[in-house]
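> Here it is, the structure in full.
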């Protein structure tokens, strides 16, 4: 008899698609590997060098992830900026210049008309040689809609044909993958290539979506692909998930130019297992990614984001009231958005609508473009809109939002005192109110379509508009009623008391918090964006208020809601299990079910095992001493069994269907002329997790969460009674919450 398993078999210890990894086994294998390398390092210089390179490989991998994510983010930023401007016109000096770069070197630009230069031609100038009159307006309108439809069509077609996984923001799936689930191809090279291209197209089409969420997916794809260059990470799924946590941090770092916010986002929002070592590596990856993007300088202003601002006016204690009001608005909008968006996505899944993704994208794009063009605030890209709303009006601003009366009668250098609103400000308020309504409605239908679509930027835009409207209202109130008790103690007439841009920033944070339920990472991202440390308290007040209000109306954030909608097996660590059920209430088989399918340790033939494998779909089988005793020996995975038997048939002479399989240490002597036996003890897990039938389910749920188990065996006085899988736990939790237990789709 051969124990052919002394040599590792390719494929044993790996996982099928849509299965959960065994965290305990993966961590144990990594410890064994590390112990072996450490022991060998004392034997020779070469082994010592190998040990040092193994320890250093994690940092090298982080460096590569940071460089690649930063480079791709820079490429996406530059391309999206150029293609967004392409909808309105083209540069005759060089078609590859966007509007801003085209007019930079022009000698014919006046200060008032700094956006107009002879080198930049609108489509009406190119096609009918004039920019004036109704016909020119119609030509520009038509070209704007046409380009938007072309970009959206290309995006959805590329996703549909080449990489179906490249749609959406990717964060719900990344959360699920980081919790130990396997979705093959989700972080592959095709997904990376198509997501990068289609993200530029989707953002440029003018749809109400952002690139920030998908950049996390792009960074995680980079992390996953680069893992294949290092043996340590290629062969161990748990180690790879540590790398993906750091890659998610690098993704947020380049999305917002916020390295510390990125690390906290990964810790607070997406990671399932986050040891201290991963924290340091995430920090390093986020730092390298931000540095790379800063070197590329995509916006030409030495900033990492388009809407970087700096405020200098201090805020007053009374202003916490409007800031908390913005928090309440953010919470209400977040809860409303999640409910309506999930209802629409469920309708898409369960009706004919889901079969026509291209038509859906084109219809939404056409509606968005037709409604967006007449209003300058919906026509501009959402990042530019946020930038304009965050902006603190100075003497040099030509925006309508800064069209105040007596704006040049100032004695305070470049800063402006509070002043009465002019015609431009009132007109901007109306346009912003219409923009707010459009953004609120259209984002519900846009998020979840079959194109890359982030939610950070649309949510921030909704909050920034609401905040700016409230900010201007407060400013005018303080100007006309500075003698009111609430103002007279801190706001003297003509002083610069209220900053509308700050209200926009607080509103943006409140709405983003209401939708995603981020708190700490959100505040850090916002103050890294704005460089305003003194505004942490307003941001914290708004973020906490929005979370409380949104949680009161619905416990789930948008990503958790999409995880539940898609039926992914994600065990939420933040939820408490408060029901008094026992392991015997959840385990399979139940009282009237057929007996549990088991293997015996020394009495089953290859044919018996192959029959069980072909007749069942279970991911693994308990091994017992005998059917009579039902005393537990261990647990063996289906995939390992199949691969081992196939390998034995090829490599071990004489293995036939009647060969007996042994899971024991020693096999008894066999009579002559019997076929060789097959020893499979090496693939047997001899220490499977077991609980007794009277263990409370809250303890079982805790064990599953904290150890990342796939399954747990239930015993009574040492005899095997049943099995509880992660899917059983999720179904039980859904049942206890009066939800449909069959919505959990995967193993």
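Cβ coordinates come from backbone N, Cα and C, glycine included.
Per TrEMBL, the features are:
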type	residues	note
DOMAIN	587-651	domain 'CBS'
DOMAIN	683-743	domain 'CBS'
TRANSMEM	56-76	transmembrane segment
TRANSMEM	134-156	transmembrane segment
TRANSMEM	190-209	transmembrane segment
TRANSMEM	243-267	transmembrane segment
TRANSMEM	317-338	transmembrane segment
TRANSMEM	358-375	transmembrane segment
TRANSMEM	428-448	transmembrane segment
TRANSMEM	455-474	transmembrane segment
TRANSMEM	502-527	transmembrane segment
> Are there residues at least 6 beyond the ends of the transmembrane segment (455-474) whose Cβ is under 8 Å from a Cβ of it, and what are they?
169, 208-213, 255-256, 319, 322, 325-326, 329-330, 333-334, 337, 382-383, 385-386, 389-390, 401, 421, 425, 429, 432-433, 435-436, 439-440, 443, 446-447, 498-512, 514-516, 558
> As a test: from 56-76, 134-156, 190-209, 358-375, 502-527, pick the stretch that has the greatest number of Cβ pairs under 8 Å with the transmembrane segment (428-448).
358-375
> Any contact between the transmembrane segment (243-267) and the transmembrane segment (358-375)? By contact I mean 3+ C-beta pairs closer than 8 Å, pairs at least 6 apart along the chain.
no
> Of the listed stretches 56-76, 190-209, 358-375, 502-527, which one has the most C-beta pairs under 8 A with the transmembrane segment (134-156)?
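The stretch with the most contacts is 358-375.
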> So, taking each listed stretch (56-76, 190-209, 317-338, 358-375) in turn and counting its Cβ pairs to the transmembrane segment (502-527) that are under 8 angstroms, which one gives the highest count?
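The stretch I would name here is 317-338.
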> Cβ pairs under 8 Å only, please: of the recorded stretches 56-76, 190-209, 317-338, which one is richest in them relative to the transmembrane segment (358-375)?
190-209
> Per DSSP, how many helix, strand and coil residues does the domain 'CBS' (683-743) have?
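Each residue of the domain 'CBS' (683-743) counted once, the result is 26 helix, 18 strand, 17 coil.
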> Looking only at the domain 'CBS' (587-651), what are its DSSP counts of helix, strand and coil residues?
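Helix/strand/coil tally for the domain 'CBS' (587-651): 24 helix, 17 strand, 24 coil.
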